[in-house]
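Listed features, source Swiss-Prot:
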- 48, 54, 55, 82, 89, 90, 91, 92: substrate binding site (BINDING)
- 63: active site, nucleophile or proton acceptor (ACT_SITE)
């Protein structure tokens, strides 16, 4: 297991109370040895005007996952901040849920890179994101 902080899924989800994460319906669903996953509904909260999943909602899911994964790689007195987010959208989603899967690409002392892949309910890749974070403290 790579994580330096040991939080349960309930504890992870509690961090979202009264935030945009909760408003979008993002819920952490899996914490593995080197992976963090979350689901987000595709509904009126996350649609763009034409009834499809908004690219910004996919980006919000990615940044949520990468930032929390980055935080779990820090020690007491440290935090992470996002420095760059890149998203490539592959296919539209109009309903149901999407699942984000976050894994590390680089874990340095001062910066991290995370890959977050967003899948639809059929397991098809809908969006590929990369988040860079800086470790502070």
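The backbone N, Cα and C atoms fix where each Cβ goes, glycine too.
On the structure: features taken from Swiss-Prot.
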residue: 48; record: substrate binding site; Cβ neighbours (10 Å): 12
residue: 54; record: substrate binding site; Cβ neighbours (10 Å): 16
residue: 55; record: substrate binding site; Cβ neighbours (10 Å): 14
residue: 63; record: active site, nucleophile or proton acceptor; Cβ neighbours (10 Å): 20
residue: 82; record: substrate binding site; Cβ neighbours (10 Å): 15
residue: 89; record: substrate binding site; Cβ neighbours (10 Å): 16
residue: 90; record: substrate binding site; Cβ neighbours (10 Å): 12
residue: 91; record: substrate binding site; Cβ neighbours (10 Å): 12
residue: 92; record: substrate binding site; Cβ neighbours (10 Å): 14
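Each residue contributes its Cα atom, and for residue 54 (substrate binding site) and residue 63 (active site, nucleophile or proton acceptor) those atoms are 14 Å apart. Look at the residue listed as 'active site, nucleophile or proton acceptor': DSSP puts it in a helix. A 10 Å radius around the C-alpha of residue 63 (active site, nucleophile or proton acceptor) takes in these binding-site residues out of 55, 82, 89, 90, 92, in sequence order: 82.
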